[in-house]
Every structure is written in C-alpha cells, then in structure tokens.
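Student: Sending over a structure as structure tokens; questions will come in a sec.
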C-alpha cells in the first residue's frame, strides 16, 4: 500500500492532446492495479496525478494505458509517463513517443516498458517475456513488408501515407510545411510552366530564366564556372554524387584508343604508374531504354571519364568516351580537352546528365532512402521497445517511411516527375535500380572500406572522404561502441541474443532480399561485428543520405551542369556549335520542372533535427545518457573543425558537417 505520484507528458504539437479519457494501470512484479479513467490529456503539457494504491505491487515493470471512446475521438500523442512511489527506486521513466489512437479490444491496452534497456538475457525471470512477444506480434501486423517492383528491395506496405502506421506519418508541423511548400511550387510551375511550352532556349544563357532566386553561393559559382575542367573534375570528389569515382588499377577494357592516339595512351599509362589516374564509369546506364517525353524521344549515354589528379589536388579530365564499344560498329568517338571548345563542352554535359541519373537513383534514392527504410521496417518488426538496439536506432527512423512513400507515389511512379521530365523515366529508372541493387555491397556502406576499395583514402582533395571518415569514426567510437559495451559484456552475449539475430536476418534475408552474397551479415557473432553493423545503419540513415541530398540545390540549379534529360543523341562528330548543345539540353518546361523540384527538395528543412540532437529520451539510465552527451560534444567539436577548415577553402564542403546532417531521412 502506498501513494504514487504520476507525471504524464503530452507531445508539443498543437494536435497532440485529446479530450478522451485515458485509463491507466500500474503493473508490478507482484500484480497490477487499475487506476481507472483518471486522465484527460487535453493540453500539450505535463500533467501530475497522485493516487493511493492498496496493493503492494513490488518493483514497477510496466504502465498500461487505454484511450476510451467518446462521441468524438481524438488521438493522443504521449511522450512519456514517469512514476514515483513504492517499488520505483526513485522515479521510474516509461518512454512512449507515439500516438495512442483508439480503444483496443477487450483485453488490449498500450503497454509502456521502462526506459531501462534489457536484452532477453537481462530478464532471467522472464518478467518481460510476454510483453516483448505481444509487442512484436502487434507490430508485425502493422509494419508489413510491401512490394514495389520486381527485383527491388522491399518497402513498407502501403500505397500512400494514409496506409502507414500513424506513428510513421508526419506530425502537423512537418506536414504543414511540406504540403504548403509543395502547393506553392506546383502553383508557380503551373503558371510559368505553361508559358514555357511556347518558348524555347536559344542560347545557353537563356537557362538563367529558370535559375532559382533563392540560389546558393555555390550555385552561383557553378553557373559562372561550369565550363571549367577543374570544376567538372571537382564534382566527382565533392559534388552531389561523390560515390562513383575510383582510382584506376589498369586501363579500362572498354576504353578504345585508336593508333593515332598513341601519345594519349602513353600519358594515361604514365598517370596509371604514378597512381594519379582515376575513372568514372557509367556502364550501369548501358542499354537502359530512354524515355519519351511529350512524344519526343530522349537519350541516355553510358560515359567513361578518365581523369588525372594534379599535385595541387585538382582532378582534371583527360578523355571522355560517351558510349561503350559495339561489335560491328566503328569505335566510339573520344573527346579530349584539346578538342574544339563546344565539342568538349557537349561531351562534359553528357557526363553531367549521366551523373544526374546515377546520383538520383543509385546514390540518393537507393543507398539513402530505400536502404534506410529496410533498416527501419526490420527494426520495428524484430526488436521490442525494451531492447537497447531499438532504443539506440529509433530516433534515426523519424519520417523515413512517409517520405519514401511520397517518393514512390510522386517522383518515381507512373506519371511521376521522372516519367515527365527525366531521360530514365518510364521504366528506365526501375532498370537502373535493379542493376544497382545487384551490385550493392556491404563494404560500400562503410566509408573506411568504400574509400579504400575506390583508392581514395589518401586523396586530400576528397573533402567528402575526409568528412565521411571523421563522421563514421565519431558515430562508431564515440557512440555505438560505448553504447554496445553497456549492454553486451562479451561476444557470447551478442551471439545468444535471439532478438538481435532475428533483426539481422530480417534486414539481410527479407528486406534486402538475400544480400548475404554481397557481404551483408545474416548473423552477428561478436561485439565488434555488432558495432560495425549498427554504425552502418546509423551512417546510412544520416551521413550517407546527407552527402547525396544536400548538394542538389548547389550543383543542379544551373541546368546545363546537371541536365535531367538529353533531347539529342550523343555526338559522333566534333563539329559542334552552341546551338547543338542547347538543342540537346532539356527544353524550358523540363528545365523549370527540374529547378522547381530541386529547389523544393534541396531547401533547408525548418523542422530539421541534426545528428544526435533528438529530444526523445528512450534511455532512462544515466550510462546511455552520458554516452549521448559525449557524442553530442564530439559532433560539436567536429562541426567547428570543418567550419574552420572551410573558411580557408575556395569551395567549402559542408554536406557532412554534423549540424547539417539530419538525424534521419526526412526529405
């Protein structure tokens, strides 16, 4: 018998409260007590209650709650419940951070477990066994694997955001910002885009008509310097898509050098011997069926670019081959910096358009959005809220499922943006994703391994590489390893955790459709392997996405530097004029559509949560809270270091500054 003091916190958003009565239960190791309908969480603030309980409950294990029906039902967003009284050893904290929606069945109620993380091994008396099993059973009914296209990794089930679990949908601040901003850009596009259909681009400078008003300093720099070879090469290192470049270990077999280019071959071999020869190979695009837009055929190329790294760190193109060789056809034309300026510029523009395709589909959509979705769905299906890895990962899934559903239903859907204005739309984009998935390796998601495999570890002018390594190290050493050490004292504890092993299999075998042949684990055998896997998950949901998302507004606002489509076939002659380039680039309507959505998706998000700065407190123990605080301090120091470095650079690289990296994939 004793008195309990209960604090209940409602979410901060305007619609988080509810006028419905909420019934509470306290569940202890010796029994449970129904406290009745004692709560009406109308306002978005903390409510305090005091109750007398005649039954000795012992150590408090769970809090149960049920929102009852009334004439009008309003969902309630509960942040947490804290209880102080007999058996709580101070104040017991029960995190929720989810919607309490409707009255459940006769025996059902929401159950909140305490903020102290527990693996199965940490529950020797099986006091939480039934709760864990029931929670996962309920979650698997709600979080179901869906299907999008044959040969692709699995998404969450649902064709629209309304099909998603309520807890995965935008809160009203995010929803309002997204909806109003999208409505505005669509209105502007409808008003100005109609006129574009009757106007045409006659000179390259005419693309200024669709250059965004809210341009960034770097976008302005690109507009003025996009023809420069140094800026062209720089983008492979630090642009919107830094994932393609690799150091050459031999001359590519697809590079056909005619006898009259013996000097070029000698130069390439010299750079190869000194380790300064690099390549960007777009073979993934070879044979992709191009789109037809407004009854006009579009075109796709699969270029190969050979580049040399200068002693001053500049990466300069040496030769461009726009298509692979074909049996029975003449060798493909090779374009050189010494060619007529317009011919060389057109070749580079084709490369930029090809890079746009692989960036948006392979590097951004697949490696950022879709992989993060697999991790989030598998976590919700396999790890109960008591599990330490669930508590560690859950902040990194905020809004990911809804933004991905919106992408599948608006950007890469039938009659979506890709079909309307992108050369790989209307089926080509699916083909590219299928090909990219077939070559997706586990090592490529770990920057130390990926940069080593691509020969970029010692390239000082790879600012992406420097920052990716430092951010990965901060996540791994300052956060994940310390968190894991709190809950797994040996490799055996990792191997003997059935929930952890089920989670790993759910990601690799189910979500990724059997990716173990490409290095993804199907079991976790040691603490080191677990730390590596968790770091991969967190970096994918944060830094990996940020590095390929933030650069869009900078590098694609000036349409010729990243054309969404090409309207003429790749050149087979070096007799090129400015008109030939203009005629090959997107029309004014396509260009405005590209600019509109690049600006909408690339703008700074007003409700952004930076890496490690989430306010939700899923851990109640001081140990994990101290680790998170140390991680935040490490990120702040890293952010300052990058800021100081950037102040001395001609082209600052900010995409992996911790203050710029979002805590999850939300846009």
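Including glycine, each Cβ sits where the backbone N, Cα and C put it.
Heads up, here are the entries from TrEMBL:
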BINDING   17, 75  Ca(2+) binding site
BINDING   364, 369, 545, 667  Fe cation binding site
DOMAIN    2-114  domain 'PLAT'
DOMAIN    118-667  domain 'Lipoxygenase'
SITE      99  site 'Essential for stabilizing binding to COTL1'
Student: Around the Cβ of residue 75 (Ca(2+) binding site), how many other Cβ atoms lie within 10 Å? Please give the count over every shown protein chain.
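Tutor: Other Cβ atoms found within 10 Å: 15.
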Student: With DSSP, how much of the domain 'PLAT' (2-114) is helix, how much strand and how much coil, in residues?
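Tutor: Going by DSSP assignments, the domain 'PLAT' (2-114) contains 0 helix, 64 strand, 49 coil.
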Student: Any idea what the Cα distance is from residue 17 (Ca(2+) binding site) over to residue 369 (Fe cation binding site), rounded to a whole Å?
Tutor: 31
Student: List, in sequence order, those binding-site residues among 75, 364, 369, 545, 667 whose Cα sits within 10 Å of the Cα of residue 99 (site 'Essential for stabilizing binding to COTL1').
Tutor: 75
Student: Just to verify a number: CA distance, residue 364 (Fe cation binding site) to residue 75 (Ca(2+) binding site), in angstrom, no decimals.
Tutor: 35
Student: Going by Cα-Cα distance, which of the binding-site residues (369, 545, 667) sits nearest to residue 75 (Ca(2+) binding site)?
Tutor: 667
Student: With every protein chain in view, what's the tally of Cβ atoms within 10 Å of the Cβ of residue 667 (Fe cation binding site), excluding that atom itself?
Tutor: 21
Student: Beyond the listed site residues 364, 369, 545, 667, identify every same-chain residue whose Cβ lies within 8 Å of the center of their Cβ atoms for the Fe cation site.
Tutor: 365, 368, 372, 403, 548, 549, 665
